């Protein structure tokens, strides 16, 4: 009887593996690639839309208006009592700033500025959802390509347990450092603005204390938003894991339906919680977590159905079975996932540096403006640019499953084709989205969704938006390098490619453009830092990846890399087990 049961299990697994292989081995490689990329773009788009909708709802509904007449967030929100017991109201600041001919800030500026400084941390949160899941999906695809049943079980068990532990630990770390990070971003060197004010005069003193009040409230609101997302993002790591692993098994339809539905629920709860509670920005974060939770529940139910149908390798009983957790696969999963994490984390840090010094350079070049003027502008621009950037990254997520499977089959010819197909698709897609967001929907977004008021502010916002969006095209063109290196387990090269934009090219570009902007008294040279950085990154990544894409075998045999070393070690340690069974 046990023999029959084992034979049935083996037969069902063989049928499942054959079914998965057929999904990947269609001769029309470009069509297969599109089949994987399009759902990934949609999922990445809707994942970014979570944050985008939150930020729109924050801008439109948090502040008091006809849409939310009962809100506590109006210009009187700035009123406070100082340490000496003196009461100050917003009208005092308005009078002082008008007398000093300094454009005053208002409640909308505060909300946008809070969004702006929280953006780098939300990017890190997105990065952490990929830290384990991307390496797990890579190894899972490779195991499926080889048809190695034992490795499939070991990768699944190791990745699941690691994802739980790492996501909880990193969540605690982010919550611990968030307040310090946000305070630094809000401050910049904003105190330098006081140098141009006579703080001994009444008007100068009033403006200075309201600048401090603005920063205090900016950090307070951004913190409440970030704490909730950072504290509960473990749920989203499971969503990412289920999506990538189901995609690795060749499924597309159901996993592409869940994110849009969750987003609709997110919008509903955004409205209800922001409109009918006084939680402000925090309400939007709660709505996002509700959307995450419902998505996770849907994925789990779907996976249970697949398990009962014997249509998936993602069986929960295999997770804690003795011998399935493999420390060597743990190292590979983390090392491969670190490339995606490094990319997003480095971009987050570089964006934080950019945002912090934006205050400084505004003070130096345009001292007649509030120090947080351009930071507030980016509070409207950043959600739009992030929406485009995140959807562009869906290209690499989709193609990586196919590329990893081909690597498991040692099909290097198809890997080279994928390397060239991806930038072709990426350029077409990113160019269309650039024109749509930069010249088609720009005013609709800026005026109707982000409350940009005044013709001058609209002109500045449009210019900043179009400059910022340029980077998306070149990021899309350069992503094939990281795709190639991660999928073929060239971990060292993957790290270099992923750190190119956030570190290697950013440092020289930042210092050059920062000083050039000050020397020429042109703040837009500073704003061009991100696009120029993306262009140089594209050039650098193509230089290091093109030779590798066409001479894979030679590079594997002649070039040392930690990924290939670990892979060879795994194969050596596994062979004795196979012989023992024989």
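Each residue, glycine too, has its Cβ placed from N, Cα and C.
Swiss-Prot lists 29-49 (among others) with the feature transmembrane segment.
The transmembrane segment annotation in Swiss-Prot covers 117-137 (among others) and rests on sequence analysis. Sequence-distant contacts of the transmembrane segment (117-137), counting only residues of its own chain at least 6 positions beyond either end whose CB sits under 8 Å from a CB of the stretch, comprise 47, 51, 155, 158-160, 162-163, 166-167, 170-171, 174, 178, 181-182, 185-186, 218-219, 222, 225-226, 229-230, 233, 236-237, 239-241, 244-245, 247-248, 332-341, 343-345, 347-349, 351-352, 355, 375, 382, 386, 390, 400-401, 404, 486.
Annotated transmembrane segment per Swiss-Prot: 155-175 (among others), in sequence order, evidence recorded as sequence analysis. If one looks beyond the transmembrane segment (155-175) by at least 6 residues along the same chain, the residues whose Cβ comes under 8 Å of a Cβ in the stretch are 121, 124-125, 128-129, 131-133, 135-136, 139-140, 143, 226-227, 230-234, 237-238, 241, 245, 313-315, 318-321, 324-327, 329-330, 333-334.
Residues or ranges marked as transmembrane segment by Swiss-Prot: 225-245 (among others).
What Swiss-Prot lists as transmembrane segment is 254-274 (among others).
The transmembrane segment annotation in Swiss-Prot covers 287-307 (among others).
The transmembrane segment feature in Swiss-Prot is assigned to 329-349 (among others); the stated evidence is sequence analysis.
As annotated by Swiss-Prot, transmembrane segment applies to 376-396 (among others).
Here Swiss-Prot flags 432-452 (among others) as transmembrane segment, drawing on sequence analysis. Within the same chain, residues 56, 59-60, 63, 108, 112, 379-380, 383-385, 387-388, 391-392, 458, 461-462, 465-466, 469-470, 472-473 sit at least 6 positions outside the transmembrane segment (432-452) and bring their C-beta atoms closer than 8 Å to a C-beta of that stretch.
Same-chain neighbours of the transmembrane segment (458-478): 374, 377-378, 380-382, 384-385, 388-389, 392, 395, 423, 426-427, 429-431, 433-434, 437-439, 442-443, 446-447, 452, 500-501, 524, 527-528, 530-531, 533-535, 537-538, 540-542, counting only residues six or more beyond its ends whose CB sits under 8 Å from a CB of the stretch. Feature annotation from Swiss-Prot assigns transmembrane segment to 458-478 (among others); the stated evidence is sequence analysis.
What Swiss-Prot lists as transmembrane segment is 491-511 (among others), and the listing cites sequence analysis.
Feature annotation from Swiss-Prot assigns transmembrane segment to 523-543 (among others). Within the chain, the transmembrane segment (523-543) has long-range Cβ neighbours (under 8 A, six or more residues past its boundaries) at 350-351, 354, 357-358, 361-362, 365-366, 374, 463-464, 467-468, 470-475, 477-478, 480-482, 497, 500-501, 504-506, 509-510, 513-514, 516-517.
Long-range contacts of the transmembrane segment (225-245) within the same chain, counting only residues at least 6 positions beyond its ends with a Cβ under 8 Å from a Cβ of the stretch, are 43, 114, 118, 121-122, 125, 128-130, 132-134, 136-137, 140, 156, 159-160, 163-164, 167-168, 171, 174-175, 178, 182, 255, 281-282, 284-286, 288-289, 292-293, 295-296, 299-300, 302-303, 314, 397, 401.
Within its own chain, the transmembrane segment (254-274) has Cβ neighbours under 8 Å at 39, 42-43, 46-47, 49-50, 53-54, 57-58, 61-62, 68, 242-243, 246-247, 280, 283-284, 286-288, 290-292, 294-295, 298-299, 302, counting only residues six or more beyond its boundaries. For the transmembrane segment (376-396), same-chain residues at least 6 beyond its ends with a Cβ under 8 Å from one of its own Cβ atoms are 37, 40-45, 47-49, 51-52, 55-56, 59, 105, 109, 111-116, 119, 123, 126, 355, 358, 370, 422, 425-426, 429-430, 433-434, 437, 442, 445-446, 450-452, 457, 460-461, 464-465, 468-469, 471-472, 475-476, 479-480, 482-483.
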